[in-house]
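Chemist: Dropping the structure in here first, questions after.
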């Protein structure tokens, strides 16, 4: 194991606790910045380019048919590969926190559609779920299992906000463990089913999960209700026959007490657990090797890296798996110095050499932790963000039929459309224009013909006009159709009313008009 300090040249402030890393064919991408994306990178996804112990964050772009992806922190992620060549490398993203401190319950699928020497183009699609939809959460895990030629997503654990009936002003952001239910998610049809297993009694967060074939291993974790880190080791098997799936759980001996640890894969059947917490305010400096052979799991300690004094003395650390047996670590900067970075970063290589794609297996774990500024010191929700994704890609036939229809609707009425010949609204460069906009452009409906949507900014609408039209029920016609609408709805010409001429009494020899009062005075005078 080798530990090396690295420097970040640009956008270092974006790397905060809660981010995730995605590995596509050896290229690592950063996702989950704190705060909404800026004009420099509206997608919020950066290429993490590491060369000679120097890190650069390079912006990436999304395809036109992509949905909006908020910068989620602490989501659950896993990799998988589908049957088609275009589905070879994909990521599933579920849950996490938005910059507004809200929890997401959405599932996104990330894939690369174009890659060249200068930039990478991603496609991001959102999957709608029906059935037993998992509540919004963070600190959980999502994996993909395979059985009898079929695949299924498995979601477990995490934390969520307390029910609204129990939330008060003082404890509005209080969180609780999610119920210990296991969710099976069919990514092809978007169906979710919840299972209650008697072996799983307590909700767990920030655990480590490994998926191989039809089996998932759950290690460690933290129970917020009991404030303990039990030495858990669960084996969950999923059978996918033609009928209803069968899910069973077995409690195994030999578990470890750890939360918020990172899992990285070093060869086909071997993984390394790095760091984590063993007590509420004590980091776990021990590393473990996990071996999976013949449907058996073995956990043993290994030689630890030569931790630097800064890492040893820091109270928190965070990071994520870079794939190929390498992890990215961060610790708080030294506030005693006059000029100090917010965080210092390291790369830890646990593998002797890079793995080939054939050596990878199906693994994953959740991102962990909450921002240190959002919670009390040294709680699990403050622990470092280690997503145990491992360098593998779990297979799934993805979402051909469903999302093709979805994309057709998006092209006609979605936000990311060309609404007119001069439309310049682009998903990759758009920034809020109206104060009423949050994360998508404002639109207005043109009533010409069958109707169509147009961007308010393209129509040069003032914000007051936009609000007025949006609140009312009057028809609106865009710039291209307003003349046609006027011709169709031109009102008939109405002649102005003729005013009767005013009768006047003029004095002889005078062109002046006599008012009634003067006329009455003159009559009395001459009489």
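Glycine too: its Cβ is placed from the backbone N, Cα and C atoms.
Remember, TrEMBL labels are computer predictions, not curated facts.
Sharing the features that TrEMBL gives for it:
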- 357-380: region 'Disordered' (REGION)
- 358-370: compositional bias 'Polar residues' (COMPBIAS)
- 371-380: compositional bias 'Acidic residues' (COMPBIAS)
- 414-491: domain 'Recombination activating protein 2 PHD' (DOMAIN)
- 419, 423, 455, 458: Zn(2+) 1 binding site (BINDING)
- 446, 452, 478, 481: Zn(2+) 2 binding site (BINDING)
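How buried are these features, and what lies next to them?
Modeler: The 10 Å shell around the Cβ of residue 455 (Zn(2+) 1 binding site) contains 23 further Cβ atoms across the protein chains shown.
Residue 446 (Zn(2+) 2 binding site): 22 other CB atoms within 10 A of its CB, across all protein chains.
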Chemist: Can you check how the pLDDT averages out over the domain 'Recombination activating protein 2 PHD' (414-491)?
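Modeler: Computed over the domain 'Recombination activating protein 2 PHD' (414-491), the mean pLDDT is 75 on the 0 to 100 scale.
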Chemist: Could you state the CA-to-CA distance between residue 458 (Zn(2+) 1 binding site) and residue 452 (Zn(2+) 2 binding site) to the nearest Å?
Modeler: 14
Chemist: For residue 423 (Zn(2+) 1 binding site), which residues in the same chain are close in space, meaning a Cβ under 8 Å from its Cβ, but six or more apart along the sequence?
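Modeler: Residues satisfying the criterion: 417, 454, 455, 458.
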Chemist: If you measure residue 446 (Zn(2+) 2 binding site) to residue 419 (Zn(2+) 1 binding site) at Cα, how many Å is it?
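Modeler: On Cα coordinates alone, these residues lie 10 Å apart.
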